[in-house]
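Report on the following structure.
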């Protein structure tokens, strides 16, 4: 209701109250149906409240304590581990600084518009994902259920990563760090370095052997890794305790979990910039490779990153926004959170490449030292003449610049024999080109770099505490995307549902803490979310722009926000975003179809990774994950089209008439609009916002209006209110 119509509304309410009292005084005692209905007459002196803001639904639904708490929750959900270990990798791989151009373009084309759309529908309808899409189009009600299934799949393995971070965090309170040096093995005669570690590196060995104790293939279970099982249980306990009271408990934790990662990233950036070689990493990062930017694959990967960075399709965005006031400026929120997410990715990229530049310089110094020793040996053996070495160069204490000079001279002089000398050019760019992502970046590359930091345990504690907070912020949104829709739909107690959900997830998650568990994490990460989420968001866009109607939706936004959104969003939602999403879906499907389904296995004998194909049952599981995630959409569509489930309990036979509004009985206040089992068509679904029509006498009519059946009471007239514009939502 417009804020400038309070006087008109007060007059209207007085009119309504008078009409209801008249009806009560003249009600026919023989009308049994009317006697059974509950009539509540408000005190004329009751405090005037806005229809939308003062409704019973609003009073019962929890709300954010402050706008800051809500923004931090959305930022915490959208800013996750992918910003730290996925975005820097894509940036380095796809053109350096030039990658930011397609990313920003796609952020404006699909990121912000779709994020705004999810915020708007959640805030307007004030339900979780199931209730929102069931209300907009009951036949597409399966969208909400599909979001819940995907959220559950993602939560299963995402919390395992938090468990890994908890393990490394607990091991960081040691000097030196336990992954600083290769372990020594003692036998009866002598002591020697662990061969597997010597052939790889100390941090790689610690990750695969000490932390994961990984098996050689996905088919070799190897039993549970008890250390990681305890860490996984701890991670689920943290999530359960934070979520058990809904936003009342998780909202307060957001102040720490959302802000602390920024403190750590800034501290890391300042520290890294003071390290030798950090500028080389940042320079390499932002050196644009414009020719790579023109490749279609770069745009596909940028679109995918935008899509997942904002958490579109998970239902967490809708769930969080559903606890907002209806007049909240969700357009401002969408733009703000999207750009905070982008700048966080850039900040994390600066930190990552500053640290990797420092690490690359250390590796390069070792390379120069080792190859200088080889040159000295070649000089002694007579393979290289001493005359070609400049006199000012001291090979026992050579700099990287002098080494490159000697290398170039030897390469020119020994043109044909040079390959047989096996000298390495030791270019720092070659080391920086070996970009790693995901667990390889966090648990191998970063941990190795931190061993060279002064006060390395402190930085290790800070780094893994940051990862835990980033992970928990995303987990809160993911779990909220499961809990809120189910609570809204089936009216179960949130505390009980949260505990049951966490226990079930932990039980299923035990497959990820076997010795082969890392391979299952890779499988779920690759196949459980990508295609299903793309399909979900495409259907969300179609449901709003085509089925509900883009013009009607724009009017709803104008009514809710108090201003009309820019027509830019109209064209994005109606034309551009669906086409871009469909193109992304086709490209992702082709990419999955052409790529060989498999995983990188750690082979103990080789002390190296090797790509292996999934076994037959593994392929079946990959396909099952994708099918199960999207299955609710066709199932609900068929149920609604064929009316396979009918429940008459959802009718409007029992209502309460209160201050000119129709509301549901208190015992069933919120349930009908979000329930799958009620199976109602769109016209039968009651709006969570009370509609335009109210019961009142017509101006100029007698005190008592006569119903069409000649009786007083039930048949009194329903009149429209032109001065109360109300959303169809």
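Our numbering is plain: 1 for the first residue shown, then up by one each step along the chain.
Cβ atoms here come from the backbone N, Cα and C positions, even for glycine.
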TrEMBL lists transmembrane segment for one of the ranges 187-210, 259-282, 379-402, 403-426; which is that range? 259-282
Candidate ranges 47-64, 515-532, 533-550 [criterion: TrEMBL lists as transmembrane segment]: 533-550
Using the centroid of the Cβ atoms of 76, 79, 83, 341, 470, 474 as reference, list every other same-chain residue with Cβ within 8 Å of it (recorded Na(+) site), in sequence order. 75, 77, 78, 80, 81, 82, 258, 261, 344, 473
How about the transmembrane segment (259-282) and the transmembrane segment (533-550): at least 3 CB pairs under 8 Å, pairs 6 or more apart in sequence, or not? no
Residue 470 (Na(+) binding site), number of other Cβ atoms within 10 Å: 29
Packing count at residue 76 (Na(+) binding site) (other Cβ atoms within 10 Å of its Cβ): 28
Quiz question: given the binding-site residues 83, 341, 474, which has the greatest number of C-beta atoms lying within 10 angstroms of its own C-beta? 474
Touch test for the transmembrane segment (571-594) and the transmembrane segment (495-513), at least 3 Cβ pairs under 8 Å: no
Using Cβ atoms and a strict cutoff of less than 8 Å, what residues sit near the transmembrane segment (100-121) while being 6 or more residues removed from its termini? 91, 132, 136, 293, 298-299, 302-303, 305-307, 309-310, 312, 317-318, 321, 330-331, 333-335, 337-338, 342, 346, 537, 540-541, 544, 553, 556-557, 560, 565, 569, 572-573, 576-577, 580-581, 729
Which chain-mates of residue 79 (Na(+) binding site) that are at least 6 residues away have a CB under 8 A from its CB, listed by sequence? 258, 261, 340, 341, 344, 470, 473, 474
So are the transmembrane segment (533-550) and the transmembrane segment (302-323) touching or not, going by 3+ C-beta pairs under 8 A with a sequence gap of 6 or more? yes
